[in-house]
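The annotation active site, nucleophile is assigned in TrEMBL to 2. The active site, for Fru-6P isomerization activity annotation in TrEMBL covers 610. The domain 'Glutamine amidotransferase type-2' annotation in TrEMBL covers 2-222. The feature domain 'SIS' is assigned by TrEMBL to 292-431, 464-605.
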Ligand code: G6P
């Protein structure tokens, strides 16, 4: 949520900043801005409502020189999206300029105190309050320099922040700090790059330092000092090698990142299980869990926590682990779990699932679970993310950078990894017969090829999408493993096409959603040949009897359903354990094509952000 990029060095900052903003735009895109500072001159600030291209257009023909600068792309929290509320923000005497990601929870009180001291405010943002608090500390004279003013101000702040500060009077310096909102620093030769995540850095350097909570970094073009907010003592930065390729950040000929990411799934699923399945001795290898495995096996239950699409993967994880390994599992929205005082103890294992590893609610739930002495594990896509560093152990999904705001390949990677985990636990607990294990593994290994087959039918899916593009509501139904897939299909459609869509357990349809059915509503039913097939066929008949339009995801060659429903999306047959990976693909494409046909901004749907780092 909100993207920050900053630069200090000997090159012109503007191209680096605007380029960085484009990479970070998926984090928020309602307004953006840039501040540039040259020694001995005043700070120049350029801000514009709308996407980064609006800002770029606005900057054309203006003097954008400066080797020190910061930029921001916003997802509004305090104050509507407009030029005034856009970042960077400046303090009243224009001494400090700041970009900020997160929420200052006590900003109301701070604003009141500052107002009483004569401060006035031009925006509705919490960030402007923080800029003025820093300035107030600075002009009071109790501190030596800008760094101390920042540290003292932040010690009074309640809330989350990833921020960068420039001080007009100390114009060769950038000060950055984080608490619960990520910041990465790229290290160049006499130059430093700062960003909310590593994507804008990869073009310039492979060496990166991820700030920890309460870290403060002070950067000049040739020095990097790391301290904490509370302790005025230098820390040694831990430099890591960036595991990202520039190619992953390009569309590679696809119209949208989402389409590219849908089509990448055969490879990303393969990457998720590569090196983790030993077919010779029927073993699953999850190296990072080796040390904690005894505790997982002894756990009285596993609690899966996540948000959004990751929560849908968690629901599938529940079914998988309970069916295969016979360990009780609960699934919780991280945002509920963290506030509802759950019963947790050292006998519980909490497994957090997050693509980004930065979702604020998931991270808070992780911290809360740790306070209760539960062992906390993670399934995460972004290497080096906060979640990967704060959990006791975990599994990376290795899906590569996901840029489209609507998650696709990260979901199938999470489901793949959860399948591996369930199989590993089942082997260790001896709850799975050898042949069954072998059958599932064989089908899992075959999933990428089957997905390639499904992707080949994209023209047909596009044709069906065209028939339903004007729908106002849509219903998605599935049972068993395919109930979460129905939820995910509905979420995809809702997120990117703005058609109201609900996912439901097919068996529950008669308890409410059946009232919605008429000849206008498309009902997408996930109905491959599995043990629920006959039940789902009955559900389809109930819909048809009420003149609903049924689009069914069916096993290839299912002529019975073909004759019964309006449209079919076919998938190759597979073990039911693996069908979520296959059935979700046509639903992703269906949502994608409908959104494109409706003229929606698929990669950056309105009001959403990829990484929700605020509560
Ligand atoms: C946002 C994104 C979703 C994502 C969810 C959880 O809402 O738009 O695509 O599923 O956050 O994100 P995480 O990174 O924790 O998986």
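Heads up, the Cβ atoms here are built off N, Cα and C, so glycines get one too.
Sequence-distant contacts of residue 610 (active site, for Fru-6P isomerization activity), defined as residues of its own chain at least six apart whose C-beta falls under 8 angstroms from its C-beta, comprise 26, 27, 356, 402, 403, 405.
Counting Cβ atoms from all protein chains shown, residue 2 (active site, nucleophile) has 28 others lying within 10 Å of its own Cβ. In three-state terms derived from DSSP, the residue listed as 'active site, nucleophile' belongs to neither a helical nor a strand segment and is classed as coil. Counting residue by residue with DSSP, the domain 'SIS' (292-431) contains 66 helix, 28 strand, 46 coil. For the domain 'SIS' (464-605), DSSP puts the residue distribution at 67 helix, 29 strand, 46 coil. The average per-residue pLDDT of the prediction over the domain 'SIS' (464-605) is 95, rounded to a whole number.
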